[in-house]
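Remarks on the structure that follows.
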Amino acid sequence: MGKPENDDAVSGTDSRNQSASMNMKKGLFQSLTVKGNRFAGKNQINEIAEATNSGSQPHCTFCMGKNSCRIVRSKTKLMNVLIEKGKPQEANAIFENLIEGGHEPSLVTYTTLLNALTNQKCFKLIHTIVSKVKEKGIKPDSIFFNALINAFAESGNMEDAVKAVQNMIESGLRPSTSTYNTLIKGYGIEGKPDESMKLLDLMSTEGNVKPNLKTFNVLVRAWCKVKNISEAWNVVNKISASGMQPDAVTFNTIATAYAQNGETSQAEAMILEMKRNGLEPNERTCSIIISGYCREGKIKEALMFVHRMKDLRLQPNLVDFNSLVNGFLEVMDIDGVDEVLKLMREFHIQPDVITYSTIMNAWSQAGFLEKCKEIFNNMLKSGVEPDAHAYSILAKGYVRAQETEKAEELLAAMVESGVRPNVVILTTVISGWCSAGRMENATRVFDKMREFGVAPNLKTFETLIWGYAEAKQPSKAERVLQIMEDFHVLPKKSTILLVAEAWAFAGLVEEANRLLSTVKTKQITNPIEEDNIPYEVLKKIDQKSYTSAPLGTPLQIPSVVSNDQKGSVLAARRNRRLLREGDSEIPLLSTKFKCHSQIGRVGEGFSIMCQKQFLCQHNTCQLANSCTAVFLN
């Protein structure tokens, strides 16, 4: 997301030109060692690397003869089409197939691959591609150099971007305005708009390179990124001084900076500024203003602006209306929601799954399950197909209402409608059974994850650990750590503390202290994210059935703890002391054991974990219920 940026006043032109010229003369065009592992590629990227580094010779007669190969040309054209359609990953696969088919990629093919990888922000292979071009004896052209410079700039590696420009010059090619624009953008990404300004001055001294409107717009964005809007306006003045006129992109960029800075009223004032420059605001302008007001909690101002859009002869889009719906729901202004829905009908805009999901989530958060179900049914009647998020919200509502069996029934409904259950809804159902003390059901749902080809994540395992803690089964809680190893999910420090809490729940302080000592000695920190573990990992452990395992194996089905399965187990333990007063290890447990509750407007899913907070302060311990719901979309 764009963050605003800063720059110095325009001064010291000569020193800037000298500095920029010296930078251009550094370095050679060569394969450099990739620094660190900041831009780790995915599995497919590794396959591309293998294909690119393959020493096998082409067996295509046209390629062997260094002639133009029709297949290479057509495949390269297809790669470009896929990139334009926003499918750069598929372009990767085309490149792999080309190599596997015994063909020799052309310079255009390598240039296209660079563009595809840049679009995916997979920068690990930049130097590999450069080395391959050199190895094949292919002479780079200006298009390849510009793609290479753009890749370095997008990755934040301006040192190598400048080296590539210098090598371009040494190859007899002149940097174009586009080349300079890319460098200016790169310094903007790095948060160094003052360096971008030096390049603008350098362009002014070069007879063959002149800045264009895009040059200035990139500079405006660079200053806005560091929240220096006054310098951004100075660049706008330079546009006029250069005999050009700012366009809608110029003003929308500044409007965005105002909105992100909590000054949406200033962003709205940009409409007058645009009109003074003979420009009409567009839908993008309006979306910036609406979302800005919503972010500031000024929902009524946002709604008033939507009404004003009629005078501007513009129509709000679905994203605008969804922002308004979400804003009114956050303050539970149902009349406001009704007005927004009425406006949608007036503008002939149909609610989508996000609209329905947002309203469902509000009712669910407020504890009105019936209203949540009503909205879900309305969505079905309107012909809008619910996605995994919508099902997850409804499941969350059922779990909150302690109707976990209905939440689990949604899994079958999802499969029937062609929607694959994800880790979010499955963890939600598991948490429901855990909160009811029905660990045999929780582990059954855990085993279902393999059937759906879904890998559990850290929250899934921490939910199970908490469930066993509630059931006073600390040994089983600790065995979950062993299962995590099978799934290549590393525990965090908080995970180990949860297991220690399980032992503490059972009154076994020595065992709790044993776990706490491992945290101190092993220095467990945050591991990698495992939300998308490949399905192959599941195959390796497919033979292990945790719910049907014999006594003593991980996740053995526990007996039912109580006939009260509606939450009284939680309530009964709420104020129980868990550790003996005066124990020397008590201060180590002064951590809140919970998943932080939050509502995300746009994200990847939500999860409910009805957990306890275990708090120890001043030798006094207590429990408090904590139900976490994180909603996405």
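Numbering starts at 1 and runs along the chain as displayed.
Glycine too: its Cβ is placed from the backbone N, Cα and C atoms.
Where the annotation comes from TrEMBL, it is an automatic prediction and has not been curated.
Here TrEMBL flags 1-22 as region 'Disordered'. What TrEMBL lists as compositional bias 'Polar residues' is 12-22. The feature repeat 'PPR' is assigned by TrEMBL to 106-140, 141-175, 176-210, 212-246, 247-281, 282-316, 317-351, 352-386, 387-421, 422-456, 457-491.
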- Message: When secondary structure is assigned with DSSP, how many helix, strand and coil residues does the repeat 'PPR' (212-246) contain?
- Response: 26 helix, 1 strand, 8 coil
- Tell me, what is the mean pLDDT of the repeat 'PPR' (212-246)? 94
- Query: Helix, strand, coil residue numbers for the repeat 'PPR' (141-175) per DSSP?
  - Reply: 27 helix, 0 strand, 8 coil
